[in-house]
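What Swiss-Prot says about this one:
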type     : residues      : note
ACT_SITE : Ser266        : active site
ACT_SITE : Asp458        : active site
ACT_SITE : His520        : active site
DISULFID : Cys179-Cys419 : disulfide bond
DISULFID : Cys313-Cys327 : disulfide bond
DISULFID : Cys337-Cys360 : disulfide bond
DISULFID : Cys344-Cys353 : disulfide bond
DISULFID : Cys382-Cys389 : disulfide bond
CARBOHYD : Asn210        : N-linked glycosylation site
CARBOHYD : Asn509        : N-linked glycosylation site
SIGNAL   : 1-17          : signal peptide
Amino acid sequence: MKFLTTGLLATAALAAAQEQQVLQAEDGMGQAPQRGSSIFDETLQKFQSSLEDGISHFWSEMKTNFKDYLPLISLPKKHTRRPDSEWDHVVRGADIESVWVQGADGEKRREIDGKLHNYDLRVKAVDPSKLGVDAGVKQYSGYLDDNDADKHLFYWFFESRNDPKNDPVVLWLNGGPGCSSLTGLFLELGPATIDKNLKVVSNPYSWNSNASVIFLDQPVNVGFSYSGSSVSDTVAAGKDVYALLTLFFKQFPEYATQDFHISGESYAGHYIPVFAAEILSHKNTNINLKSALIGNGLTDPLTQYPQYRPMACGEGGYPAVLDQGTCRSMDNSLERCLSLIETCYSSESAWVCVPAAMYCNSAILAPYQQTGMNPYDVRNKCEDMASLCYPQLNVITEWLNQKSVMQALGVEVESYESCNSGINRDFLFHGDWMKPYHRLVPSVLEKIPVLIYAGDADFICNWLGNQAWTDALEWPGHKKFAEAKLEDLKIVDNKNKGKKIGQVKSSGNFTFMRIFGAGHMVPLNQPEASLEFLNRWLRGEWH
């Protein structure tokens with residue numbers, strides 16, 4: 001996850017000038033954000049009288065620093081769309097939407113719910129021998145197209161290595177916002193990694209060992225995805241994910257009958273409550289959603305931000321990164337930070353949520369980032385900030401940018417990048433960063449189990465914060481869950497049986513795990529442990 005700091009004030013998106021809708025309201029984004037200071041002046045004048053003095057001052061500074069010709073949304077990627085004739089399958093959402101059936105009550109209804117007429121799904125059967133990635137495993141890649149909005153989401157599907165006719169299906173989402181899920185594929189939990197010589201190396205701990213896995217580049221303009229428009233908030237992105245899954249399972253009904261689980265890490269702590277709620281809101285669907293998994297996520301900033309100081313100052317199980325003076329400074333800044341987040345929670349307006357993110361990230365996160373330590377792993381220095389402290393991302397990017405790879409996958413953009421900073425900025429300046437998406441979790445828990453897991457060496461979405469928000473969440477099982485004690489989590493599935501890999505607590509449909517010796521990306525640091533808890537979770541343990 002990339003956290004922007006106040007150094008990006010001058011690049012604020014005018015998207016924030018449009019009032020945001022409260023959570024669960026209808027999506028009313030209106031026209032695309034414009035360039036220039038005139039609309040900024042007009043909108044600022046409209047809202048400034050209702051803002052607190054500090055927040056009003058923030059936006060006044062924005063106006064002063066604003067540049068007329070600054071790009072205000074992430075720029076579209078160069079691309080060439082392949083004709084439908086080059087794809088093995090094309091699924092039309094309009095065809096699905098036109099199918100009506102007779103319900104149990106005798107009334108006619110659509111077979112599958114949702115607005116789908118504007119979506120198509122293009123599918124290519126990938127030849128594993130051309131890429132050397134999990135040879136012998138059935139694979140598909142392609143694009144979900146929103147033809148009305150000119151949006152095109154790339155996906156790559158791997159069938160289970162074990163028993164694909166019966167094994168569950170898992171969707172994997174990386175965070176950012178703006179980071180490609182193909183980084184998760186090749187850096188963390190996919191069937192292969194890429195070595196420094198650009199050779200494909202098999203991963204024995206891949207999550208498709210006992211499940212079929214879909215890696216999705218979302219929102220648009222992330223990874224191999226592209227668009228002439230943009231998505232700048234989590235709710236809008238959820239509509240696309242629902243459409244992708246619906247059309248994919250329509251094309252491949254053999255997977256639709258199996259259990260489906262949605263998973264991800266980092267900013268997926270925002271995505272997954274919204275995406276799961278979107279899927280569960282549809283009564284008639286072909287998505288057999290059974291659970292949700294969030295790894296080292298940002299879900300409830302109001303509860304998580306107070307835990308940054310303890311994690312950085314030696315109270316999270318690892319030596320302190322910051323000196324006592326800096327720790328005291330973070331303590332002194334916390335009250336103002338939490339006040340701003342509370343105001344954001346109350347209004348869910350970009351006018352107050354953006355200042356909350358900017359102030360808190362500057363006062364609470366920046367002191368750690370200035371040390372040169374890896375924000376994703378408190379044990380290590382940051383090797384290369386340009387590659388998010390993981391130089392292997394450069395190798396993965398180089399491999400994915402090979403013409404032979406792009407041709408084999410049916411890619412339509414000219415180049416791949418692991419993370420798009422423009423998307424990160426767009427979400428931040430739409431106020432999405434600090435919004436209370438955790439409020440959707442109780443309704444999700446009513447219908448499916450949820451697992452929150454956290455590597456305990458991560459700073460940026462640390463285990464202390466994730467434990468805190470899960471304990472604080474208001475839901476019918478709150479008291480029992482909060483009172484439950486962490487118990488040892490040990491390996492039971494292989495030759496290392498009995499090895500302690502973490503701690504776990506569970507009550508009702510809610511489970512929290514602390515994974516020892518893992519940073520932000522648990523499958524990267526502890527691949528054996530991650531596959532262990534995944535397999536057991538998919539089998540129904542802890543729920």
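Cβ atoms here come from the backbone N, Cα and C positions, even for glycine.
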Requested in this report: Any same-chain residues 6+ apart from Cys382 (disulfide bond) with CB under 8 Å of its CB? Would you list them in sequence order, or say none?
Outcome: Gly372, Met373, Asn374, Pro375, Cys389
Report task. Tell me, if you would, which residue among Cys337, Cys353 (disulfide-bonded residues) has the fewest other CB atoms within 10 Å in the structure shown? Result -> Cys337
Report summary line: Sparsest Cβ environment (other Cβ within 10 Å) among recorded positions Asn210, Ser266 belongs to Asn210
Query raised in the report: Of the active-site residues Ser266, Asp458, His520, which one sits closest to Cys327 (disulfide bond) when you measure Cα to Cα?
Result: Asp458
Requested in this report: Compare the Cα of Cys353 (disulfide bond) against each of the recorded positions Asn210, Cys337, Cys419, Asn509, His520 and report the nearest.
Outcome: Cys337
Query - Other CB atoms, at most 10 A from the CB of Asn509 (N-linked glycosylation site) - result: 21
Requested in this report: Have a look around Cys179 (disulfide bond) and count the other CB atoms within 10 A of its CB, chains all included.
Outcome: 28
**Report entry** Per-residue Cβ crowding (10 Å cut-off), top of disulfide-bonded residues Cys327, Cys419
**Finding:** Cys419
